[in-house]
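Shown next, in structure tokens, is the structure this report addresses.
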Amino acid sequence: MEGPRSDVGRWGRSPWQPTTPSPEPEPEPEPDRSSRSRRGGGRSFWARCCGCCSCGNRADDDWGPEPSGSRSRGTSSRGGGSRGGDSRGRDSRGGRRPESRGSGVNAAGDGTIREGMLVVNGVDLLCSRSDQNRREHHTDEFEYDELILRRGQPFHIILFLNREYESSDRIALELLIGNNPEVGKGTHVIIPVGKGGSGGWKAQVTKTNGHNLTLRVHTSPNAIIGKFQFTVRTRSEAGEFQLPFDPRNEIYILFNPWCPEDIVYVDHEDWRQEYVLNESGRIYYGTEAQIGERTWNYGQFDHGVLDACLYILDRRGMPYGGRGDPVSVSRVVSAMVNSLDDNGVLIGNWTGDYSRGTNPSAWVGSVEILLSYLRTGYSVPYGQCWVFAGVTTTVLRCLGLATRTVTNFNSAHDTDTSLTMDIYFDENMKPLEHLNHDSVWNFHVWNDCWMKRPDLPSGFDGWQVVDATPQETSSGIFCCGPCSVESIKNGLVYMKYDTPFIFAEVNSDKVYWQRQDDGSFKIVYVEEKAIGTLIVTKAINSNMREDITHIYKHPEGSEAERKAVEKAAAHGSKPNVYATRDSAEDVAMQVEAQDAVMGQDLTVSVVLTNRGSSRRTVKLHLYLCVTYYTGVSGPTFKETKKEVVLAPGASDTVAMPVAYKEYKPHLVDQGAMLLNVSGHVKESGQVLAKQHTFRLRTPDLSLTLLGAAVVGQECEVQIVFKNPLPITLTNVVFRLEGSGLQRPKVLNVGDIGGNETVTLRQTFVPVRPGPRQLIASLDSPQLSQVHGVIQVDVAPSSGGRGFSEAVGDSRSGENIPMAFRGGA
């Protein structure tokens with residue numbers, strides 16, 4: 001695509017122009033996925049435990065593309081055997097794994113096993129979903145068979161030895177990550193059994209049973225996150241032994257919000273359940289007065305998603321030594337979820353033409369997007385703010401950070417760091433479009449993640465804003481955050497990262513400037529409550545909406561809020577902006593829009609009230625246009641002029657009826673319209689100015705479960721949709737997705753006639769028990785933003801198995817006939 005500022009519908013400075021087809025996304029270089037060659041050495045046991053000389057494959061990227069439909073997984077080895085059956089020889093993403101390296105090695109490196117040596121025949125990492133480790137680490141929902149741990153928390157393993165363990169024997173566990181593991185960088189961890197390791201790493205023997213040895217291993221709360229290779233070394237009087245690396249024994253380590261020593265620690269269990277473990281959520285959109293909500297499948301535990309999240313860090317080239325720092329990790333994620341600069345996950349598109357990809361409104365979750373990126377290495381078309389935010393929530397929750405998706409209504413986009421939203425008019429109050437670069441988005445979606453901020457002074461821990469939507473550059477790249485919400489609330493815009501930009505999004509003033517006869521500009525009106533009018537997120541343990549505006553800003557109009565705004569503006573590019581303000585206002589104006597469904601007629605109204613003691617005459621001008629949710633509007637398609645006389649204390653209403661046939665030819669994404677109102681009070685010279693955005697609602701999909709849902713057993717869902725428009729919807733596409741229920745599925749259903757009702761039935765096989773969300777969407781060139789969701793309570797299988805290896809069909813582009821078609 002062209003540079004980001006060329007996107008119609010996104011950048012306020014871009015002129016309105018007809019939609020043109022998007023060019024094919026540029027192909028990206030295929031990532032290097034080759035395994036590194038093995039290194040060896042013949043030095044002493046402890047010398048060979050350092051990163052520069054221990055042998056073995058040190059690569060963290062020994063994987064290939066996942067074959068379509070592949071679900072193979074590795075398992076722990078026991079005496080060289082496999083519990084994985086058909087997973088042997090493949091890595092966790094379905095790609096070919098390197099073979100195990102045969103017998104263990106002795107000090108000479110020749111593979112000779114001498115009598116009396118302590119040989120490790122195998123290791124059981126107790127890594128199945130029902131085992132103690134996965135349950136205690138809250139990773140049992142991951143659809144992986146490898147051991148997945150949260151740092152700073154102990155786990156247990158069993159070593160299978162060739163003889164009984166003796167007090168003179170020495171055992172060391174090793175964890176290695178990256179291409180050149182080094183002890184000093186934390187990428188090569190040595191854990192001597194029975195001795196305290198460095199940085200919180202240690203291991204103790206908890207049980208001996210013949211030749212079996214049970215160990216309790218403690219990981220560091222500051223450990224690097226990622227996928228580690230695991231091996232064991234022993235030393236006895238007869239010699240030294242190293243267990244060969246087995247890819248089935250790879251260990252994933254994640255951040256741990258359950259660990260008080262981890263800087264991502266969250267001291268509320270209900271928060272952890274919601275912001276770390278919940279696999280679905282609500283994302284809010286629309287306008288403050290007409291809030292829409294959509295369910296999003298985060299799917300952070302789906303098979304392949306964890307590998308996709310780690311691949312994002314690899315693709316950025318993030319140094320392994322920095323991967324233990326949540327500040328650095330979240331900042332990299334904010335850069336990599338968008339494709340600009342670094343060929344990240346999603347290509348942004350605000351043009352309205354999505355013919356070469358997927359309409360951002362059609363996505364129902366993150367899984368399809370992340371697995372496509374992992375499988376191909378290419379950026380996925382297309383995303384807008386809620387898609388970037390939904391994927392970011394998935395990535396950060398998957399890696400162990402408590403994260404939520406946040407919507408800010410009337411979100412400012414400050415392009416000149418003035419920390420005000422500036423709108424310029426000529427002498428007749430006609431907008432000067434060539435100067436109006438700032439814009440106000442109807443809504444904007446970003447993320448909050450919870451962590452301490454050791455890089456900032458005290459008092460700035462807690463929620464941090466991370467925004468992956470590419471709007472402005474930070475340190476030369478398109479990323480944003482993490483930024484302390486506390487610094488935003490108090491106008492401390494000098495705190496890193498990107499506080500000025502985010503402050504302007506939530507608490508800047510909307511300043512109207514009028515050109516004077518001498519060419520200078522004067523402030524004629526200030527809207528102090530127009531920006532960041534409502535900030536919301538999904539409530540904990542509920543599908544209700546939670547208002548979190550108060551954590552971002554002091555009460556609107558309060559002394560503390562005004563001080564925060566003026567303090568922030570003093571650090572902006574127009575520090576004296578408030579010095580020229582005039583105030584003489586006794587006529588109030590309020591805009592109201594009828595709540596209407598797309599396809600219906602509607603009415604918008606302006607209510608004027610004279611709060612003074614004298615008669616007032618108001619000349620009013622209303623003009624209506626369609627608008628993208630980013631605040632970029634099209635040409636006016638209807639306008640009204642009227643003069644209103646108001647007695648003291650009186651009110652009057654100016655109404656503008658709008659028929660479907662009037663707005664239909666002009667509609668763009670989100671079905672939003674913008675009413676611009678400007679006016680002038682003859683007697684006092686007061687200037688009236690208001691921009692009011694409203695949207696047309698779209699219908700929902702109705703989902704019904706036909707029968708009970710049981711793990712491993714096929715069940716059926718019925719989807720019903722009624723076309724609200726009198727025109728035919730062409731090339732209609734349904735999407736289905738639900739963690740533990742249905743892998744991402746795309747269904748092509750053809751055309752749907754005007755006002756027609758259609759019924760679609762689909763089968764799926766649940767793979768995990770418990771309450772689940774099955775989410776669907778409908779998209780066509782004529783109608784988008786149509787969604788539906790149903791909760792599915794999945795029972796365990798009759799055999800008592802909590803999980804199933806069955807996988808919902810993930811076919812894409814399947815042509816599906818309708819089960820039933822009916823009239824209006």
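Yeah, the Cβs are placed from backbone N, Cα and C, and that goes for glycine too.
Quantities reported herein were computed from a predicted structural model and do not represent experimental measurements.
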Annotated range (Swiss-Prot: region 'Disordered') out of 201-224, 537-560, 753-776, 801-824: 801-824
Among SER35, SER70, SER87, residue that the record in Swiss-Prot marks as phosphoserine: SER70
Annotation match for phosphoserine in Swiss-Prot, from SER34, SER76, SER100: SER100
Candidate set SER14, SER22, annotation phosphoserine, source Swiss-Prot, matching residue: SER22
Listed as phosphoserine by Swiss-Prot, one of SER6, SER103, SER474: SER103
CB contacts for ASP509 (Ca(2+) binding site) [other CB atoms within 10 A, all chains]: 23
CB contacts for ASN507 (Ca(2+) binding site) [other CB atoms within 10 A, all chains]: 25
Proximal but sequence-remote residues of the same chain as GLU561 (Ca(2+) binding site) (Cβ under 8 Å, at least 6 apart): ASN507, LYS553, HIS554, PRO555
Other residues, Cβ within 8 Å of ASN507, ASP509, GLU556, GLU561 Cβ centroid (Ca(2+) site): SER508, GLU528, LYS529, ILE531, GLY532, LYS553, HIS554, GLY557, ARG562, ALA564, VAL565
DSSP state at ASP509 (Ca(2+) binding site), helix/strand/coil: coil
Secondary structure at GLU556 (Ca(2+) binding site), reduced by DSSP to three states: coil
Spatial neighbours, same chain, of GLU556 (Ca(2+) binding site) - Cβ under 8 Å, 6+ residues apart: GLU528, LYS529
